[in-house]
Amino acid sequence: MFIEHPLIKPKTLEARLYQQIIAANALKKKTLCVLSTGLGKTAIAILVIAGILTKKDGKVLILAPSRPLVEQHYNRLKQVLNIDEDKIIALTGKIQPKKRAELYKKGKIFIATPQVIENDIIAGRINVDEFILLIADEAHHTTGDHAYAFVAKKFKDKCHILGLTASPGSDIDKVMEICENLGIEHVEVRTEDDEDVKPYIAKVKLIPIRIDLPNEFKRALKLINEALKERLKILKDAGVINSIADVTKTELIELNNKLFSYDEEVKYELIKVCSEALKLMHAKELLESQGKSVFLNYINKLSMQRTKSAKSIVNDEKVREAVNLLMKSDVEHPKLGKVVDMVKNILEKNKDERIIIFAQYRDTVEKIVNLLTQNGIKAIRFIGQANKEGKGMSQKEQIEAIERFKKEGSVLVSTSVSEEGIDIPSVNYIIFYEPVPSEIRFIQRRGRAMRGEGGKVYVLIAKGTADEAYYRSALYKEREMKRLLKNMCYLLNKRLQKKFEEKSKEEIKEETEEIKEKEIESKTAVKEETKEEEEKTKKPVTILDFIKQIEVKERSKSEEDKIKQEIKIPKKPIKIIVDVREKNMAKLLHNYANIELKTLEVGDYVLSDRVVVERKTAEDFVNSIIDKRLFSQLKNLKKVEKPLLIVEGENFSRLHENALKGAILSIILDFGIPIIFTKNAEETADLLIKIAEKEQIKEKRTVMVRYGKTAMSLKEQQKFIVESLPDVGGALAERLLKHFKTVENVFTAKEEELMKVEGVGKERAKKIREVLTAEYEG
């Protein structure tokens with residue numbers, strides 16, 4: 001059976017009762033839908049879109065976390081929805097911002113990554129009021145500072161909401177945060193244990209495969225462990241940890257943060273030792289779980305770092321011995337050979353079988369793909385976009401990789417980028433190169449095998465290593481999440497109901513107070529009207545008075561209608577150019593200024609044609625002094641006419657007080673750059689707005705990037721020349737040019753003529769003429 005609906009093409013969407021029930025409930029309230037992988041979250045989204053658009057006229061936005069997933073939703077909606085295909089639009093960062101602004105006017109349904117929508121909200125390219133539905137696919141991302149959360153908060157009070165996820169997590173407070181950010185009023189949950197979904201769930205068998213490490217690895221790991229224990233002993237002797245046994249990375253990260261509050265005499269050495277211990281622990285895990293090449297790459301990266309902790313590890317005798325031992329050995333991690341053997345065995349039984357291998361690191365993905373290819377197996381790489389090292393796949397390459405895998409590939413070797421939502425049908429075998437401690441990622445990886453007829457999931461575990469702990473952790477968290485999901489509907493809906501009842505009480509209270517205020521205003525107005533009427537009765541009413549009354553009523557009505565038609569996003573009086581890397585600050589600023597995101601060569605914020613601001617957090621300020629980046633950045637900042645440095649926060653504890661004072665004095669005296677300290681991001685934003693207002697409103701200066709390749713327009717050049725005159729700012733330069741028409745006329749004008757311009761007194765006119773006529777003494 002198929003769904004029959006005027007907005008859904010015939011025989012394109014299978015009719016499943018549980019999907020229809022969930023969609024019907026989701027149309028009544030803002031809903032978070034938690035549905036196991038393979039149960040058709042996209043189908044529910046389509047049913048809700050069709051339902052909403054049948055009742056209301058407006059636009060729909062679907063958020064998806066990756067570009068390939070955006071493309072997938074786009075193709076599926078075009079295939080199923082009975083809507084003009086030109087009205088269904090996929091938006092990515094590849095489309096120019098101006099073009100996106102035009103597309104928002106033309107389209108009906110938009111599919112985009114949250115980062116694109118976030119940028120367009122900040123820059124004022126999208127009108128949120130035009131949307132009647134927001135669908136957040138993979139809604140578990142709607143937490144913290146994620147772009148999902150920013151977009152959700154902008155939309156939740158404006159339109160209907162549907163959140164979709166297979167794995168919201170095992171912490172009910174985190175799930176409540178997701179609900180809060182999306183404005184969720186109701187939760188729908190279905191797991192593989194629910195009777196109405198059981199017929200559609202594929203059975204998956206989880207098979208752990210434990211692998212012994214080679215002797216060369218064990219000897220190298222022993223040396224790294226000894227180096228690690230030396231650091232942990234220092235921390236224990238200092239009394240900051242209780243034992244050197246079973247210390248976790250999480251505990252060391254927490255300790256590192258605590259150490260900043262310790263006395264100056266001891267904290268720097270302890271922070272260094274703690275940082276070394278963390279790096280050694282990470283190196284150890286890489287060798288245990290990933291292999292020799294990934295471990296050696298990490299040590300090589302440390303050798304290129306300037307920090308004391310990195311140098312200490314690279315120069316450590318035991319670490320050097322471990323590195324030499326591995327470099328001389330031809331042995332690689334036995335997981336690699338095991339993967340090749342497993343793939344061969346599966347394909348020998350069925351040459352048309354499809355297999356997905358998940359590996360956490362890109363280096364490991366490359367290694368696996370190369371090994372499989374050498375063994376005559378068609379392996380396709382699937383990784384995320386370019387990172388700091390420049391490696392990665394473009395959106396086009398990702399989509400092509402999925403299509404190749406569907407048509408001709410036997411094995412897809414992937415990082416976590418393919419865990420979410422990518423439609424790869426009929427996959428019966430999954431191999432985890434390593435276990436992941438996150439229950440969300442564990443479920444999503446395994447879920448790739450729940451879409452076909454069911455299958456097997458193999459997890460490779462290096463015996464006696466962190467792999468064992470991560471595997472146990474993932475299983476425990478998954479059990480906890482399932483337990484939570486069973487009670488989630490009841491618990492969450494109860495919490496949400498309580499929350500909305502409290503909100504309603506508050507709203508009723510506010511409304512009551514508002515009504516009382518209006519009653520008082522109304523009584524006052526009635527008294528005044530009565531008084532006016534009494535006065536009018538004293539005068540005879542003429543036909544002219546009657547006509548005037550009708551004209552006033554008609555005019556006020558037509559003006560009201562005109563206002564309703566012309567309501568748009570209010571234009572903000574100032575503009576700020578913000579560097580693309582400063583997006584969090586742009587989020588704070590966009591409510592008060594028009595924001596243009598741009599890659600800036602110098603500084604972080606352009607507030608006018610002469611003021612450019614570099615912003616640093618206290619931590620970054622300290623780090624940039626230590627690694628000597630700061631002074632090269634300040635040399636660049638000197639390119640602008642009026643540079644400014646803002647340092648935000650109060651945590652300067654990593655740097656000695658004398659060194660900090662010396663750096664501040666050098667910035668002010670040697671570089672001539674003013675420095676302002678702020679407590680937090682909000683205070684910084686307020687300061688930036690005030691400077692921009694002064695420059696643009698009071699001084700009437702334009703906002704432009706004056707350094708680099710950008711050339712000034714003729715008008716800007718004229719203004720720039722006139723501003724060079726004594727006591728002439730941006731506003732006065734503009735008045736002089738408007739009065740005299742040309743720069744030449746300004747420069748040849750006599751004192752009396754200059755004084756005719758507002759703001760030019762006798763003294764100022766005299767100074768201007770003196771500069772223009774005095775002989776140059778070379």
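Cβ coordinates come from backbone N, Cα and C, glycine included.
Swiss-Prot lists motif 'DEAH box' for one of the ranges 137-140, 261-264, 497-500, 653-656, namely 137-140. Excluding the listed site residues L35, S36, T37, G38, L39, G40, K41, T42, the same chain places A166 with Cβ atoms within 8 Å of the centre of the ATP site Cβ atoms. For L39 (ATP binding site), the same-chain residues that are 6 or more apart in sequence and have a Cβ closer than 8 Å to its Cβ are Y18, Q19, R190, V197, Y200, I201. Secondary structure from DSSP puts G40 (ATP binding site) in coil.
Counting every protein chain shown, the number of other Cβ atoms lying within 10 Å of the Cβ of T42 (ATP binding site) is 19. A C-beta separation below 8 Å, combined with a sequence spacing of at least six in one chain, links K41 (ATP binding site) to C33, L35, D137, L164, T165, A166.
Neighbour density for L35 (ATP binding site): within 10 A of its CB lie 22 other CB atoms from the protein chains shown. DSSP gives L35 (ATP binding site) a strand state. Taking all protein chains in view, 21 other C-beta atoms sit within 10 angstroms of the C-beta of S36 (ATP binding site).
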